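Visitor: Pasting a structure here, questions to come.
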Amino acid sequence: MSSSTETSLLSKKGISVTPIRLLVLKTFLKNSQAFSLKDLEEKLFFSERSTIFRTLQLFEKKGILHEIISSDGIKSYALCSDSEHENHNDQHAHLKCRKCNSVFCVSLDIEHFFSASNDYQVDDVQIFINGICKACNSVA
Ligand SMILES: [Zn+2]
Ligand SMILES: [Zn+2]
Ligand SMILES: [Zn+2]
């Protein structure tokens, strides 16, 4: 990812470019996992907690990141796979790895669940999986 990728994504969303916004976005683009405010605080140790928090809220509002609440109640954020589109959906599952403690987006056929559940009106689906991630699972 070149820095122009981040800059153009921000400007496409009408977000003015600041060093911290670039840094946060770069962190998400470089890693496939989700990050909590605490994770980012530890990773970007030159930044203020409140500035990082505001950046995460802005990115979520603009459809760059989506929020994940893990089974232990910790809130984290992950990159939207379709952030180019304003009205994309983030209906997929999330997995928390018990070895590296990271949270990942997992694609799952949730559309099927929607169509199968005729007895309910489904507004939102949150599926949280506890297990072992791809990287940790491939280490013998
Ligand atoms: Zn999204
Ligand atoms: Zn793992
Ligand atoms: Zn996700």
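Placed from the backbone N, Cα and C atoms, the Cβ positions cover glycine too.
Annotations per TrEMBL:
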BINDING   C97, C100, C133, C136  Zn(2+) binding site
BINDING   E111  Fe cation binding site
Visitor: How many Å lie between the Cα of C100 (Zn(2+) binding site) and the Cα of E111 (Fe cation binding site)?
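Guide: With distance taken Cα to Cα, E111 (Fe cation binding site) is 30 Å from C100 (Zn(2+) binding site).
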Visitor: Can you give me the Cα-Cα distance between C136 (Zn(2+) binding site) and E111 (Fe cation binding site) in Å, rounded to a whole number?
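Guide: Distance between the two Cα atoms comes out at 29 Å.
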Visitor: Which one of these binding-site residues, C97, C136, has the sparsest Cβ neighbourhood, judged by other Cβ atoms within 10 angstroms?
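Guide: Lowest Cβ count within 10 Å among the binding-site residues (C97, C136) is C136.
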Visitor: Fewest other CB within 10 angstroms, which one of the binding-site residues C100, E111, C133?
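Guide: Each of the binding-site residues C100, E111, C133 was scored; lowest Cβ tally within 10 Å is E111.
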Visitor: Rounded to an integer, what is the Cα-Cα distance in Å between the residue listed as 'Fe cation binding site' and C133 (Zn(2+) binding site)?
Guide: 23
